[in-house]
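Enquirer: Pasting the feature list from TrEMBL:
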DOMAIN    1-364  domain 'Glycoside hydrolase family 9'
ACT_SITE  H300  active site
ACT_SITE  D344  active site
ACT_SITE  E353  active site
Amino acid sequence: MAATMTILSWGLVDYEDAYQKAGELENMRNAIKWGTDYFLKCHTSDNEFYGQVGEGNEDHAVWGRPEDWPKTGKVRPAYKVTTAKGGSDLLGETSAALAAASIAFAKSDPTYSATLLTHAKSLYTFADKHRSVYTAEITDAANFYRPSGFGDELAWAATWLLRATNDSHYKAEVDKHFNEFGKQLMGKPTQFGWDDKTAGVQVLLAEVTGDQKYKTLAKTFCDWIVNTAPKTPKGMVYLDQWGTLRHASNVAFVCLQAAKLGVNPDAYRKFGEKQIGYVLGDTGRSFVVGVGVNPPSHPHHRASSCPDEPKVCDYSAMSNPGPNPHVLTGAMVGGPDQHDAYVDKRDDYVHNEVAMDYNAGFQSSLAALLHLQTI
């Protein structure tokens, strides 16, 4: 969720004109504020942050409407990160999200922006001082999320704080992390998403500092993505089997950001247009629910699969061969396999699941492409 809010805020900060043109500016601000308000509530003190509500296996065992959960009689426990073990990846990403959002709200709501920035700074200090991955303390999460580390999140947070404050202290923090985690941060990542922010750090630092070394890192990544990374026969960049379009959309956005800085702009924009066009149906079918030609109608999504009340919603709704009764308009499904094959089946969560982080890079890429039409 934190990674989602960071990527959405990045798109709003850089392409507010696109949201204005689409008539979605207030909706976008409200969507981000929904997430950042939640983070503020989770940050109960400088060194305490609630990072998970519910138990993964218990939650997955229930198929139904979220509002029906109290009827089950089950309690959803809340888990927090403290100084006992820390959680630098989760705390760093949340710091980045709040710092990015503080920029997005700086003009429209300066008081709220200041609150976000205060919490972003506090969370960064917490993340840097008490280092570990968050699954060390919230062990239930390890059954579903296995973070690879936290150096990229610390650098990501410091970079967003640098952009939000223009305070040289955060440039020194960035340099500190590059010295400590240089093998990763100076290397060539293979994707950009909730677990690996390296490509985002490189491109954002190129934007914030103008330093050629960061532009070179961004170019190395995007040149590999555009020219060398595996592609399906129809042209989708294929980086991982799970949520293929999520990965394609995320790297499309990163490389569109690099293009904005003058790094191989023609090639990277063409690549971004092709990936987003693929999502929207340029190769024969749409992968966005309710949009375009032959869109998915059976997304792996509990609430939209449920019949209207008072009918019961349980696992029989998941196995229902008919389309979801409620159209989840705008949700991008996971996407096809490496051969462009896709089956619109609700129980195929690898290819037909929807998620907030799936839509984030896709939506920010759309904003970037719409912006390009206006310049």
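The backbone N, Cα and C atoms fix where each Cβ goes, and this holds for glycine too.
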Enquirer: 10 Å Cβ neighbour count around E353 (active site)?
Expert: 19
Enquirer: Suppose we draw a 10 Å sphere around the Cβ of H300 (active site). How many other Cβ atoms does it contain, all chains included?
Expert: 22
Enquirer: Cβ-Cβ under 8 Å from D344 (active site), same chain, 6 or more residues apart: which ones?
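Expert: For D344 (active site), the qualifying residues are P296, S297, H298, N352.
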Enquirer: Between H300 (active site) and E353 (active site), what is the CA-CA distance rounded to a whole number of Å?
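Expert: That separation, Cα to Cα, works out to 5 Å.
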Enquirer: Which whole number is the mean pLDDT over the domain 'Glycoside hydrolase family 9' (1-364)?
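Expert: PLDDT averaged over the stretch: 98.
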Enquirer: Give the three-state DSSP assignment (helix, strand or coil) for D344 (active site).
Expert: coil
Enquirer: Going by DSSP, is H300 (active site) sitting in a helix, a strand, or coil?
Expert: strand
